[in-house]
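Listed in TrEMBL for this protein:
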- 119-149: coiled coil (COILED)
- 255-342: domain 'Histidine kinase/HSP90-like ATPase' (DOMAIN)
- 20-37: transmembrane segment (TRANSMEM)
- 90-109: transmembrane segment (TRANSMEM)
């Protein structure tokens, strides 16, 4: 019965270790072995306990896998070998046998089982890395989708809104049978459509470019071109104040331009005015852009969930360490957009 218990503990150790502390299982196994050995005659006891020593040591190495400290359970198990037998010859013989068993057990462990556990740990590490890579890919995909959603709203959707506004005017002119003005509006709408197609193609080309391909461009030229487009398409007269030009890498310049564009489009859609102003200032660390109109007063929403334009503006600024705030004036709105500057060239 004790032998069956010992063999059962040896075989069930990896499974029992999931439910009980491995140290307790090892101690229980050592106690059973020593108790069973005490029931035998001297020669049989020595042979039996010596035979169980490498098994106990091997289990302690493989189950606990604590290489910073010596195998305490095995050492405690081996102490009775030297205290229960008298005579220097027997003591030296036992010491030699114990040391031989320990050396051979460690050699077997390091040559076979440690490699096995290292391979197992490597497999687990690779699995964790694959999970991390999958998470990174998911987050990257989510970021790309958000980027595309922002660009669609700030470019194509805004262009369609502008075209729809122009077509509403065309319909009104048709009802009034004012065909000369209607023709002018149709030509202007056609120009807006061509501009929208061109901008969409530029956006597609930008997505296709490599991330490291980020040439720098003039901020002033980009804002002037944007203001001219707003004047041509929506008759919005915008006064520009610029302290000094900056060369900014493409992705950041795109986000800055879209923030200014969205703010000016809000003037067109909600401001009930044809006048606006853009002021651009910067120091060594920050680029600050003010977009001001003196049209209808606007109360900024407390939550941006359903206000995609304002939400997109904040997300674009946050990408570059900045933020966008909207202030309601007595006779209009002031939008303040801040972007962190890093290595831009003056």
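Yeah, the Cβs are placed from backbone N, Cα and C, and that goes for glycine too.
For the coiled coil (119-149), the mean pLDDT of the prediction comes to 73.
Secondary structure of the domain 'Histidine kinase/HSP90-like ATPase' (255-342) per DSSP (helix as H, G, I; strand as E, B; remaining residues coil): 29 helix, 32 strand, 27 coil.
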